[in-house]
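Take a look at the structure below.
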Amino acid sequence: MQAAMTGLTLSLLLLPLCAADVFLRPYVAHSVLHRPRRANTGLLEELKQGNLERECIEEVCDYEEAREVFEDDTLANRFWTMYRNRNPCDPNPCLNNGKCVHFLSIYQCQCPDGFQGRHCQEAGVAETLKCRYLNGGCEHFCNDTGGQVTCACADGHAVAEDGRSCVAEVQYPCGKVPLLEASKLQANKTTRESEYGQYCPKGHCPWQVLLQHKGSSYCGGVIVHPSWVVTTAHCLINLNVEDLMVVAGEHDLRLVEGTEQKIRVAEAVLHELYNVTTSDSNIALLRLHQPIVFSNYAAPVCLPRKEFAENELVAMRYSIVSGWGCRIKAGYLQGDAVSLYPPTSRLLWRMAVPPLSPEQCALKSGMNLTSNMFCAGYLEGTTLSSCKEDNGSPLVTRYGDTAFLTGLVGFRACTYQGYFKIYTKVSNFLDWLHAHMSSGIAPTDGHPHSSTNQTLPPVVIEQQLT
């Protein structure tokens, strides 16, 4: 009887335990017995029967998976010793010329530019965007039309052995400052502070030229070829070509320094769609009677390619505008003489200017910008009593240590609150420039032509320029 009572008592005491969980909770179980995860995880992986080829050849396995395959400690240990010391990079598992590096049985693929993924099997951002990604790695121009990135260089440069860099193949390649190149300095290392409204050191703006009409300085221009100068069309309205002179190598307008080259203009070509009222298509070419002799003080700027200008150069933080600050007052031609403001600076100036949005420019200037124009400068500040640059002078943008022509100073540029200008967008006229320079086509009557054939009244010019 006593034994029966004891059994009953024990049953009653153990009864609550019957409702307890059979399995421990995960965090409790792991604190008691830690089982490492398989190298290749996932539900389906755990359900598969151990297979040496799948576990350790096609994939990377750990000792536990090898033990499951062999089900024998001696065989597993023998295999594991050999497997752990193998070279997983032989043969190379990396695709697309990827480089395999390893530590023991663990390997990693170092992918070439344009590929990504464990085995470099996926096209990366660089391959997808090609030239739009870091310019394809090219120093100057990038071309990806054939499915592969190929680099090209501006005039006077050749592609280097690495297929990306550009090296000079002539003494005076475009876009280089000869004095800086000779002294092993780089033009792009000049700080913005040294260029903000400062005189351009002699020879540091070698592409800048001065235009003269009957001996009077009145506009600027830029060298793009020994026989060709680019300027704005409004600088040529109603002027006879035989009265025009280009001065290269100029710096101090009051001194003859021995570096100047005065060359007569043989022909002038205004853009066929130039409109004197809106200043749209405000660009022109001057062909010289004799070529400019390139030197440390006279050298060409580079003409960009359109895609390069609109994808790469447009993203540069600053560009450099230069000139002497001569501008026209009250009309381009009054009787037999041109009325001019005196130069605002005897020395050549330059200034670093940032780009401005068309909306900001239109709001401040009250002018409707066309797609052939853009703005650069500063919105804050007082209106300057005189300009620091010439009309028709260049705005150049540096890419690396090469300068490219991106703009020409427009004629409605000096009178707004702040300090900014409206420029002709050169990238829209590259085909036009190359076509005329390669063909040599120009007017045959010796006078600059405009398709509009309009004469701007002096009073209108006075309102626009002052």
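Residue numbering: from 1, along the chain as shown.
Each Cβ is built from the backbone N, Cα and C atoms, and glycine gets one as well.
TrEMBL lists CYS111-CYS120 with the feature disulfide bond. Cβ environment of CYS120 (disulfide bond): CYS94, LEU95, ASN96, ASN97, GLY98, CYS109, CYS111, PRO112 lie under 8 Å away, each six or more residues apart in the same chain.
According to TrEMBL, the domain 'Gla' annotation covers 39-85. Mean model confidence of the domain 'Gla' (39-85) amounts to 65 (pLDDT, 0 to 100 scale).
The domain 'EGF-like' annotation in TrEMBL covers 85-121.
The domain 'Peptidase S1' annotation in TrEMBL covers 197-438.
Taken from TrEMBL, the feature region 'Disordered' covers 443-466.
Positions annotated as signal peptide by TrEMBL: 1-20.
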Neighbour count (Cβ, 10 Å) for CYS111 (disulfide bond): 21
DSSP residue counts for the domain 'EGF-like' (85-121), split into helix, strand and coil: 0 helix, 12 strand, 25 coil
